[in-house]
């Protein structure tokens, strides 16, 4: 009896948190999405979302988020693998994570300097004889900087998964005559798939709604759903449309969580 | 556990000490009691010496706080919990704040220096008879360009921007009314046009400018232009003078088709605690000598006619910042077009941004 009551007490902070900061905000977003700009109840925002402008925006958000996630994964997996093989792995890991402690805005401004016409990147290109190119305000710079920002979040879960991998499995695979590639494909990768999945989630979902970088690094040449939400709330003050886009983002995110979720647990 | 308790105790003690230090510092400098004035202004938008002078003359302590967008300012005043005695919104915001009942009417009898303000800048559509606001600075929207990088090419009109030689050379300020307005102006339409056909026409014309546009950015535009990242930029005249003071190669022009005329204005918001001091402050800032000194520091155009004679001749006669009467006639103040029309402007702006090369 006593035990049950204390357990109930412990649940209170969690429930309060979920209610105040998760359930209520989502309901508010849903509520606002049903009002047009003049405050009348209507479905006009939902109709507007299915016009070519917003569908195109959704598509391009997806495309960039996909690119960012895929490139991050391509870099992170080998890196994480390498890290687990080094002697001071925690130190190396720390070094990779340190940049994520620095404010995003500062990093973005640093990249404006590096990628600018007279920046370090262009000096280097000139030195090796390629000549000056426009790097800032291109798709390349946007994807590059985003990947740079998300890599630590991708490496961490993969590193943890690889680190927990029991090395005897690999030995067993070797002993049974599997080639290195087969060992990776049939043993290492499947056993670390959970790390890959959570790495992709923490990259793909925020990448879908990136907004500050689209202006600072891509010069508004890349428009994502995040940019559009920001504009609707701060400039147009069309909270309804902003909320509608947010609703669709939430739906998309839930779908992604379901698809990449770990369903096989406990089977 | 013990460590954790000690840690929290430590934080609590430090906070208490800091709190005590702040309050004793404030009271020793006269920041307590009723004799303070809180000014809510844009960053770096007043000569700090003038605040000291005002404090000395009146014995009122000034607390200076800054904001970086009209919308942010209005939200802070709307939500309450602040006690700003003076705020400096732009003209379109005044209309909005007036409608939302966020402003206190001014008592003109307490502002004898009001007579120094140029009649051209009084009694405008956004605030008839200056019931709520007094112009603080004014300016235009125009083009900053680098004649050196353009090999001596001159820009005088909006349509010059469509020159194919300017490929990838133009930076735009991230503002729907400024950019769509550029399209409207180039076609000879009014900046306050709400005719949908005209607006779509303007947007389509802007789409054809896309190859020349390098980026659409915010405040970074000042840094980018000063660093010669691009040779042409659509900016406010205030930003232009700042950019030009950093890079002397640059020049500013208000295109001949006309452009926007904007005002930043002193108001007393509903949150004011010291209305008497607020009037004193406004009157102080309207003093010609004070206004001249402030203009010298800020670098924007002053609406104070009396101040002009205390300012260097080359500044007052600079037609880029004090345009000739003929050009001034073609300048338009933004009217508050209402939420629906503004949403349409923004919608078109968003579509324009999404238009790819």
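Every residue, even glycine, has its Cβ placed from backbone N, Cα and C.
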The annotated transmembrane segment range in TrEMBL, which must be one of A:62-84, A:177-199: A:62-84
- line: Counting Cβ pairs closer than 8 Å to the transmembrane segment (A:239-259), the top stretch among A:12-34, A:62-84, A:91-115 is A:12-34
Field: Positions whose Cβ lies under 8 angstroms from the transmembrane segment (A:12-34), at least six residues beyond its ends
entry: 41-43, 45-46, 239-240, 242-244, 246-247, 250
